[in-house]
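Asks: Sending over a structure as structure tokens; questions will come in a sec.
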Amino acid sequence: MSVPPVSAPGGARRRREHHHEADVVVVGAGVFGCAIAFALANQGRSVLLLERWMTEPNRIVGELLQPGGIAALKQLGLGHCVEGIDAIPCKGYNVIFDHIPSLVPYPTVDDGGEVIYSWSGSGKNGKRPEGRSFHHGKFITRLRESCLAHENITVVETEVIKTMRGEYTDHVLGVETRTKDKETGKRKPDYFFGQLTIIADGYDSNFRKDAIGDKKATVKSKFYALELIDTILPLKNYGHVIIGKNTFPTLLYQIGTHETRALFDVPIGIPEASPAAGGVRGYIKNVAIPALPPSVQPAAFKALEDGKIPRSMPNSWLPPTKQVPKGVILLGDAFNMRHPLTGGGMTVAFSDALLLSRLLDPSRVPSFEDAKAIRAAVNVFYWRRKNVTSIINVLAQALYTLFAANDRQLHALQNGCFEYFQRGMTDGPCGLLAGIIQRPAVLAYHFFSVAFLSLWLNALVICAGPLGFLKAPLALIDAVLILWKASCVFLPLVWREGFQ
Ligand SMILES: Cc1cc2nc3c(=O)[nH]c(=O)nc-3n(C[C@H](O)[C@H](O)[C@H](O)COP(=O)(O)OP(=O)(O)OC[C@H]3O[C@@H](n4cnc5c(N)ncnc54)[C@H](O)[C@@H]3O)c2cc1C
């Protein structure tokens, strides 16, 4: 059979459908895969998007999209995907530490979208961006529908098994897959070819070795999930972070008119969740739920009633690794992950898709056959993405370490952090978390401001009471230890995420 030229009317579509051949093969129609497929298709590229399960996903991930992610989604031309899915507007966070709430709303911004009080304080009136929370499956279905409707994209339900390389080169030429025969139900081998293959197969990627070698994610805890029905959150339209004196962080956010997601962080191997203590269910029932606001507890206990262990997902940290693409690029969670405490994963995915598509624009890279141009674009992408992603990643990891404090210095830093919020220093931290402040110096400034406030508060406690000044040397030693701990938490993360 002769292959129609790409320029022929419908030629590219026929090449995708009949010859399984396109400019780019994207593996995984999840958050990143859909976004990059759509962005490249909008630039006129012919795209094959391969997904193993096209049914609506039922997952406990990717349910809150930060304002920075909403902005990137709109620029990708996919802003409509948060409409018509019963999404709930989110105005920021209500952080409840030991039953005391601190409101951390998304910051006020000027007409150009710049945060006005990024270094200090918080705006009282003015425009504030919003996030959206929703059922992950409904959102993914909308993203997939947009790809299915795009004339330059062909979506195929097939499971990718391996990448294919040329006989005399290690350049990836496409992928081998298994496609279910609709009539017999049997899985048959299939092959898809692209000048470029983009792999975005998620947190448990089978293809890391192909692109970044033996890098493994670090997992210190898991999130266990409940879906609460018709519960009453202390504040409507705010995500809630709850930390008790003896509990690890719990997240609460409404994902539909009637549904609220609860995610309980359970560090691996903690005695509170040991079999003797009743396992994870025991920890959630006896320790974590009683620390929730009283209005939420009945729905949480009810959601536990089915007797099952709640669904869980590992909370992974995988810093990015430089890639020298030979026909394949690994992206999304497969490439870079952070603790989901701050809900930053999708914001990273959409801003990465936006940046990469701009760097691969046909005006810069006319053909994906030009391996040198792709290598140059991916190199620029690696360093430029850090303005957004290093902030989100470092903040997520550092905040988690503070919120799940397990020693004296970390507890001091945790106290300092909540006092910082109580004093109204919220616009900077929340703007960083939202993905709308893209200046790493602002993150460093707020982190060390919290550290200095922590050692000051700690010194006040140590030196309280008559003749307390005699304990000043003790306070000084503690101050050094707290500052040292803050540096140990922050600086290695900054080095790994920002400079490597
Ligand atoms: C508990 C938890 C909660 C989270 N909450 C949030 C949140 O509220 N907000 C936020 O922004 N981020 C959140 N995240 C992170 C976010 O979910 C991820 O960053 C995001 O989903 C990554 O997108 P991705 O496209 O890389 O992977 P995914 O969205 O997982 O997509 C991967 C796709 O690849 C497909 N696939 C896999 N293997 C193959 C194969 N062999 N062949 C074909 N297809 C394949 C999968 O079926 C899937 O559709 C959370 C993460 C966790 C763990």
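Glycine too: its Cβ is placed from the backbone N, Cα and C atoms.
Sharing the features that TrEMBL gives for it:
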TRANSMEM  22-41  transmembrane segment
DOMAIN    23-52  domain 'FAD dependent oxidoreductase'
DOMAIN    194-458  domain 'Squalene epoxidase'
TRANSMEM  443-467  transmembrane segment
TRANSMEM  474-495  transmembrane segment
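On this model, are these features tucked inside or out on the surface, and what's nearby?
Replies: Residues 12, 15-16, 47-51, 54, 57, 62, 73, 76-78, 140, 143-144, 146-147, 150-155, 160, 174-175, 192-202, 207, 331-334, 345-346, 349-350, 352-354, 356-357, 360, 368 of the same chain lie 6 or more positions beyond the ends of the transmembrane segment (22-41) yet place their CB under 8 Å from a CB of it.
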Asks: Between 0 and 100, where does the mean pLDDT of the domain 'FAD dependent oxidoreductase' (23-52) sit?
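Replies: Looking only at the domain 'FAD dependent oxidoreductase' (23-52), pLDDT averages out to 98.
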Asks: Work out, from DSSP, the number of helix, strand and coil residues along the domain 'FAD dependent oxidoreductase' (23-52).
Replies: 12 helix, 10 strand, 8 coil
Asks: Could you give the residue numbers and ranges of same-chain residues that sit at least 6 residues beyond the transmembrane segment (443-467) on either side and whose C-beta is under 8 angstroms from one of its C-beta atoms?
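Replies: Here the qualifying positions are 119, 391, 394-395, 398, 412-413, 415-417, 419-420, 425, 428-429, 432, 437, 474-476, 478-479, 482-483, 486, 490, 494.
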